[in-house]
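Below is one structure, written out as structure tokens, with a few remarks after it.
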């Protein structure tokens with residue numbers, strides 16, 4: 001059974017195996033065929049395919065080159081067409097078409113030049129040809145521009161004078177012809193062509209500068225000029241005429257009217273022409289000539305109107321500020337008219353802003369005028385003087401009553417006060433002359449300077465807060481300027497001339513005296529920013545007093561130096577028995593007395609009496625102290641020497657009081673001459689020296705009186721002993737006398 005089962009299985013397996021062997025044989029045959037086919041493809045088909053791809057790539061590149069060449073040829077053809085049409089349009093004076101064709105040609109040429117890796121020598125030639133043609137069109141347009149706008153100007157060297165300006169004329173050949181003439185291009189065509197080529201800006205700029213120089217600025221600068229317009233069939237003429245009855249300065253209203261007339265006629269005949277400016281960012285790319293010219297001119301024209309017209313119209317008195325509203329209204333109307341003509345943009349208000357800011361400009365102008373006036377006064381001659389007395393008209397003004405807040409009266413003399421006292425608001429009263437300088441002379445320029453300060457402060461109190469502060473600070477600046485300018489500007493004269501030094505001293509004291517009360521007088525009328533202890537000039541008082549004192553003391557030092565220098569030639573007052581020595585000493589004393597007399601004359605009626613007497617007393621004291629020191633220092637004085645020294649001292653004693661002449665009236669000077677010992681500290685010492693020169697030993701001992709006598713008040717014991725040894729021989733009497741001098 002097993003064998004039978006195996007045979008059955010074998011008989012079933014054998015056909016299957018046979019079929020599998022057949023399939024293997026077929027597969028091997030197919031694989032062989034595939035290998036043969038693959039070999040054929042690799043050897044023949046792949047080679048043919050590579051050749052085809054190479055041919056396709058080559059054909060594609062050739063197509064691209066042909067396409068590019070065709071495109072370039074098309075651009076060149078378009079360039080040539082534009083160039084030819086431009087030439088044709090130029091011959092027919094169709095300037096807009098010519099300009100547009102040039103613009104198209106330039107775009108096409110730029111497109112060709114922008115291609116990388118593709119350069120043609122012909123492009124450079126075409127560029128040169130295009131530039132030549134562009135300049136040719138611009139030249140023709142320039143010729144047309146010159147025909148449209150003709151300037152008749154004076155010689156360049158004389159262009160700024162009134163006579164030359166009267167010769168200036170502007171001719172506009174922009175009036176449309178009566179009959180249609182196609183040969184004559186319209187102004188719009190010329191302007192549009194210039195705009196297309198980018199030349200309109202330069203043409204307008206040149207026209208604007210000529211318009212400013214020969215039309216607009218002369219109308220602003222010369223009030224006697226009047227614009228005249230003449231309209232003829234083929235030309236419009238703008239010229240000037242001379243107005244006989246013209247003021248020195250035109251009002252802003254008159255200037256605005258003249259400028260507006262010029263712009264109105266220019267707008268009618270030229271500036272209202274629209275041109276297309278695509279790059280300007282305007283609606284529809286259209287703009288009028290007036291807008292373009294306004295952008296070029298307005299900044300310079302507005303500056304000129306402000307500096308040469310509006311600045312001059314700023315009032316110098318606050319009472320006239322109310323009248324300035326007319327100028328503001330006229331300025332607004334002027335700007336409105338220019339905006340209507342499109343010369344100005346709607347947001348342009350430079351002139352109106354300046355005019356409306358009149359308060360600030362008024363204060364600035366007022367301050368500038370005050371400073372300039374003050375500087376002129378400071379640099380004027382000092383020796384032109386006026387007399388100051390407590391009841392004179394240049395004495396300090398009446399103070400405002402603090403209780404009433406009243407306004408101070410300007411330049412009100414003290415003598416005009418209702419009584420001899422000023423009420424201080426309490427039981428105490430001040431005399432009316434308390435704050436007045438003693439009689440003296442000051443420079444008339446300083447008087448005017450102080451009056452200028454009062455006038456400015458009075459105007460400040462009636463002004464706005466801001467203007468008030470400006471004017472108040474301006475007055476402070478005036479006095480600070482005086483402190484800096486006068487000592488420097490007049491330095492040489494103040495050092496050389498004693499009278500000017502005295503006048504300058506008085507000037508400084510006069511200003512300082514006013515500064516004490518200047519702020520108080522205006523405090524109650526000042527705005528709140530100044531009324532609370534701020535409106536004061538008291539801090540300047542010490543500086544001015546010091547300035548005057550230092551100048552006068554410097555002059556005193558100079559005079560002292562001259563006195564000592566003259567006395568140094570007296571040969572120490574020794575050996576007066578020698579004729580030459582006596583002559584030298586006598587000459588020195590007379591020179592000193594002459595110097596003092598000269599000073600007494602130049603300071604007479606200039607310095608206050610007390611200052612005069614103190615100054616003369618100080619100088620005389622210097623001379624006497626030097627004489628006393630020299631004589632007291634002598635080691636040997638003979639009887640003849642003593643006699644001659646006494647005679648010299650007697651000359652001084654008799655002549656010195658006569659140098660005290662503070663007043664013009666001789667009779668009134670005797671009082672001060674009698675008071676010489678009050679002002680000359682060494683006067684009594686000098687007189688005691690004269691007594692010693694004439695006294696004997698006993699008289700000297702009696703004058704000493706054991707250190708309690710009059711001689712002891714002026715000399716020390718050592719000085720008296722030295723004089724005794726010099727005057728008297730060495731004897732027992734002299735020794736006894738010396739023993740009593742203790």
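Just so it is clear, glycine is given a Cβ too, placed from its N, Cα and C backbone atoms.
Annotations in TrEMBL come from automatic prediction, not curation.
Your range for coiled coil, going by TrEMBL and the list 88-115, 116-143, is 88-115. The range from 391-412, 413-434, 435-456 that TrEMBL describes as region 'Disordered' is residues 391-412. Helix, strand and coil counts under DSSP for the domain 'Centromere/kinetochore protein zw10 C-terminal' (435-565) come to 107 helix, 4 strand, 20 coil.
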